[in-house]
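Worksheet: the structure to be examined is printed underneath.
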Amino acid sequence: MGEISVKTGNNARNGGKNSLNRLIRCVCGKKIGPDPRNFNQRVSLGRNDLLIRTFLRALSCFMVVVVHVTALTKYSIGNVSNALWGFTVIIDSASRMCVPLFLMISGYIFLNDKSVRPSNIIKIFTALVFYSLLCVAYYSVFGGVNFIDTLKTIYQKPAMYHLWYLYYIFVYYVLFFFIKVRNLNPKHGLIAVTIAMIIFNPTLNDVFYFTFGVELKNGFAIDSQYLLLLLYCFSGAFVGSMTREEVLIKSSIVICITSIALISYMTIIKSIEIGSLAYQYQNYITIPVYMSSISAFYIVKNINLNSSSQKVISFISDKSLAIYGVHAIILEYVKFKKLYFFDSQFANLIVTFVIVIISSTVTATIIRTLDKRRYVS
């Protein structure tokens, strides 16, 4: 009788565990992986999650600098060698996922289990104000603009071209107060977002016409970059919740490479045709950029990092906001002073990138050291 009692207790516990798993599957729309009650597994999951976000931030930060440095030559079709121009277009096309990845990181963090706090919104606002002040100060000193008059316009438009992102992410953080996607199956959610990104995309006609030579009049297009970029946040939440599957990793690699090749090819062919850079194919909301971004996110999510690379990546990631805030100012100074040391335009491009990334990292380190409460870094 006692033996039966013990088995019944075990069955009850197993039944309770199975019921719990079924309940979580019902709520979250996904299978249960490691037991969340196991402390070591929770620590491991948290560490992996942190490494993913760290790597993505560092990668996105690196790519943002690449995008802005390549602007030195990618707009100069006909004025630089064809090889250099083609190289910069390809590198730039491969880096167009930079801002989408930043947005997907935010969605990954705040649209699942973690909630946006007022302090998160305040810090984005203070960062926006701080880096706007630095940009206005730069233009005041080196551009001869009136400091006060320019400062008054930061409510209307970014003080420098790269700060637009902080305006967008500020709005998204406010929206995150009201939005959660954790009750949805991540694969189904990603499919829904991808369909929406294609059907409602105003750039669909550009890709369709280039590919098939037929003009597509899309009556469902939403001409709102705010809304379309918000879809990246949802994609980040869904992709971040997906489990590792070898077939998905291989598919993501193929999709990522194909998308980058398509962006590069369309940009190069159309640019040669019109005699200037055909920027429309590199826009952050285009379908190829979207596909390259979500596939790259999934690939990075499943990368195993060694300990030595983790230190470097963490160092860059910790300062990513400050690097983002100051890198464009440093690049503008390099252009203003014409700090080009070689006759080779390719060498100058590489050296400019090195100068900007090192100077930005040093400046960001100083800012982060002084910013004890992390209001701007």
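Cβ atoms here come from the backbone N, Cα and C positions, even for glycine.
Here's what TrEMBL has on this protein:
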DOMAIN    55-367  domain 'Acyltransferase 3'
TRANSMEM  50-71  transmembrane segment
TRANSMEM  83-109  transmembrane segment
TRANSMEM  121-141  transmembrane segment
TRANSMEM  161-179  transmembrane segment
TRANSMEM  191-212  transmembrane segment
TRANSMEM  224-240  transmembrane segment
TRANSMEM  247-269  transmembrane segment
TRANSMEM  281-300  transmembrane segment
TRANSMEM  312-334  transmembrane segment
TRANSMEM  346-367  transmembrane segment
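With Cβ pairs under 8 Å as the measure, the transmembrane segment (312-334) is packed most heavily against 121-141, out of 83-109, 121-141, 161-179, 247-269, 281-300. Contact count against the transmembrane segment (191-212) (Cβ pairs under 8 Å) is highest for 281-300, out of 50-71, 83-109, 247-269, 281-300, 346-367. Contact between the transmembrane segment (224-240) and the transmembrane segment (247-269) is absent: fewer than three CB pairs lie under 8 Å, with pairs separated by 6 or more positions in sequence. Long-range contacts of the transmembrane segment (281-300) within its own chain (CB-CB distance under 8 A, at least 6 residues past either end) are made by residues 52, 55-56, 59, 92-94, 96-97, 99-101, 104, 190, 194, 197-198, 201-204, 206-207, 210, 225, 228-229, 232, 235-236, 239-240, 242, 248-249, 251-253, 255-256, 258-260, 262-263, 266-267, 270. Packing against the transmembrane segment (161-179) from elsewhere in the chain are residues 64, 68, 99, 102-103, 106, 110-111, 115-116, 120-121, 124-125, 127-128, 131-132, 135, 226, 229-230, 233, 324-325, 327-328: each is 6 or more residues past its ends and has a CB under 8 Å from a CB in it. Sequence-distant contacts of the transmembrane segment (50-71) (same chain, at least 6 residues past either end, Cβ-Cβ under 8 Å): 88-89, 91-92, 95-99, 101-102, 104-105, 108-109, 162, 240, 297, 300-301, 303, 305, 310, 313-314, 316-317, 320, 323-324, 327-328, 331, 349, 352-353, 356-357, 360. Looking just at the domain 'Acyltransferase 3' (55-367), the mean pLDDT is 93.
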